[in-house]
Amino acid sequence: MNNLIFVAIGGALGASMRYGVTMLMVSLLGKGFPYATLLVNVIGSFFMGILFSVIEHGMMSDLPWRSLFGIGLLGAFTTFSTFSLDTLLLLQDGDWFKAILNISLNVVVCVFAAWLGMQMMGFKHS
């Protein structure tokens, strides 16, 4: 039950942060491209890499931190479902270039961000 509480707290924080980033990005850059979804996915991937490395190095215990930050906060902050919907809407609008760009950027940049987070923490997978 304690882990559920940590997940819920992290989820509330992550969802609130995602909403804030979304509102900021829309006000700055408009709705022509899903910038907010890309940004939260990149940031979340980066911090997931850091969290994984910190836990694997024993610098932080797995529980409750993985539940609070990994599952709760980062799980609510990042979003594959919104990424999927954004891409589908671009395809339905016939904007293949933006759809492919969205897919490519989310995959490549998010994987790179996770790798960068792990490298910053000195993690080497054996």
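Including glycine, each Cβ sits where the backbone N, Cα and C put it.
The transmembrane segment annotation in TrEMBL covers 34-55, 67-90, 96-116. Marked as Na(+) binding site by TrEMBL: G75, T78.
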Exercise. Only counting partners 6 or more residues apart, tell me which same-chain residues put their Cβ under 8 Å from the Cβ of T78 (Na(+) binding site).
Key: G14, R18, V40, N41, I43, G44, S45, M48
Practice problem: May I ask for the residues of the chain that lie six or more residues beyond the transmembrane segment (96-116) and have a Cβ under 8 Å from a Cβ within it? | Solution: 33-34, 37-38, 41-46, 48-49, 52, 83, 86-87, 90
Practice problem: Taking the Cβ of G75 (Na(+) binding site) as the reference point, list residues of the same chain whose Cβ is under 8 angstroms away and which are at least six residues distant in sequence. | Solution: V7, G10, G11, G14
